[in-house]
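First comes the structure, then the notes that go with it.
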Amino acid sequence: MSSPTERSLVLIKPDAVRRGLLGEILSRFESKGLVIEALELRTMDGSLADAHYAEHVDKAFYPPLKDFMTSGPLAALILSGDSAVEVVRSMIGATDGRKAAAGTIRGDLALSNRENLVHASDSPESAERELALWFPKF
Ligand code: CMP
């Protein structure tokens, strides 16, 4: 049985760009067989941060998260492939890099629950919402 092709919105966060990990993280997704449909280096502004993280804006961790996410360029991409949403989430690992399993991107490369290198849509519905925010023409 084949799975449906899906699209996921992925952000390779400012910490990854600053640390020179953009190539390594992109390479992991490419090696898995996911297709990069769009890729853009851009700096998130405050209003896009509030819209993207709408479910978190009232949480205590949001102000420092917003400062971090708007602190410099990130890579925004559309990844597609069979079950892409679930596959990408399993590749990036648990939110907290200290607890993420070895072999995942965060488990291998992150030591923080804020500066955790990658964001990826957590469901096909979130992907549609996030793709419309970041790539309205796609
Ligand atoms: P992300 O997958 O982008 O989704 C929400 C982000 O909030 C998460 O990755 C982390 O960067 C951040 N985050 C989630 N929980 C916490 C927390 N307890 N403390 C600090 N940052 C958090």
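Even glycines carry a Cβ here, placed using N, Cα and C.
What TrEMBL records for the ATP site is Lys13, Phe61, Arg89, Thr95, Asn116, and among Arg7, Arg19, Arg106 the residue it adds there is Arg106.
The 6 Å Cβ screen around ligand 1 retains Phe61, Thr95, Asn116, His119 from the recorded positions Lys13, Phe61, Arg89, Thr95, Asn116, His119, ordered by sequence position. Measuring Cα to Cα from His119 (active site, pros-phosphohistidine intermediate), the binding-site residues that fall within 10 Å are Arg89, Thr95, out of Phe61, Arg89, Thr95.
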